[in-house]
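What follows is a set of notes on a single structure, which appears directly below.
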Amino acid sequence: MGAGEKTAAGMPRIGMGTAVQGPKPDPIRRAVLRAIEIGYRHFDTAAHYETEAPIGEAAAEAVRSGAVASRDELFITSKLWCSDAHRDRVVPALRQSLRNLQMEYVDLYLVHWPVSMKPGRFKAPFTAEDFVPFDMRAVWEAMEECHRLGLAKAIGVANFSCKKLETLLSFATIPPTVNQVEVNPVWQQRKLREFCRGKGIQLCAYSPLGAKGTHWGSDAVMDAGVLQEIAASRGKSVAQVCLRWVYEQGDCLIVKSFDEARMRENLEVDGWELTEEERLRIAEIPQRKINLGKRYVSEHGPYKSLEELWDGEI
């Protein structure tokens, strides 16, 4: 099983995602506990998901039951929401996340988007008045303070373009360990992966299956004919082919299913490989970004177009 393999930074290659529509604390607590029992060790949450508390409860329960010896066996990622992306709000925001998790530290703390909003703005839809300019240096200096205080073992970003990473690296004292972005066979991120590899930044893939069923997701990945043909010829599911492809790129992946059979299937990425011919066929899939982040773009806000948000990398 692939859940145990780790990156150089000690992050398990496969993590369980917990972004859900609407709070569902009890089902999440039960699903996370079951995931720990079947081998998951990496759990991905965020202040914005409102799933930190049930993850913390499941982790505590897993320690009590002996499913893990201690919290240290788990790798917990959380994220700074846009309304707290201000110099004086970053450390307090992480402390609140830690209270929610009932933990003393997170293994990884990410800037969720390169976006700042007025304090208190949590739920879409957002208006132009909600956005304020993103002071990357101020936010990152506060993220570095989280690391120095021992509240976050590692720090990183999410949804950053090559250009934004270049800017961040120009002044960061502690460079980002991870950039968590959308990666799947329909949005392969070749340019960003090459850039991150050259800078020692680990790419972590969210929505490796295209996030079908979410408000912004798409069927484009699971319905791709090439992937369906490869899956049929190999006796695998389309999901397994997608996850194997992402895994072979060297990325970490965040998978989300609360169904036990699927949770097990999503761990089965090793023990087989795509052939060179299959990889070439996947490389030819027409590319289009699924999670555009349109809600962060406003004609009177800091990002007036998707081109500006992604620096043309779409």
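Keep in mind that glycine also has a Cβ here, set from the backbone N, Cα and C atoms.
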Of 1-21, 85-105, 190-210, 253-273, which span is tagged region 'Disordered' by Swiss-Prot?
-> 1-21
Mind giving me a neighbour count for Arg281 (NADP(+) binding site)? Other Cβ atoms within 10 Å of its Cβ, every protein chain shown.
-> 16
Around His112 (substrate binding site), how many other CB atoms lie within 10 A of its CB?
-> 20
Looking only at Glu260, Glu278, which of these binding-site residues has the biggest number of Cβ atoms within 10 Å around its Cβ?
-> Glu278
If you count Cβ atoms within 10 Å of the Cβ of Tyr49 (active site, proton donor), leaving out that atom itself, what do you get?
-> 20
Same-chain residues at least 6 apart in sequence with Cβ under 8 Å of the Cβ of Gln180 (NADP(+) binding site), in sequence order, are Asp44, Thr77, Leu110, Gly156, Val157, Ala158, Asn159, Leu203, Cys204, Ala205, Tyr206, Ile254
Tell me, by DSSP, whether Thr275 (NADP(+) binding site) is helix, strand or coil?
-> coil
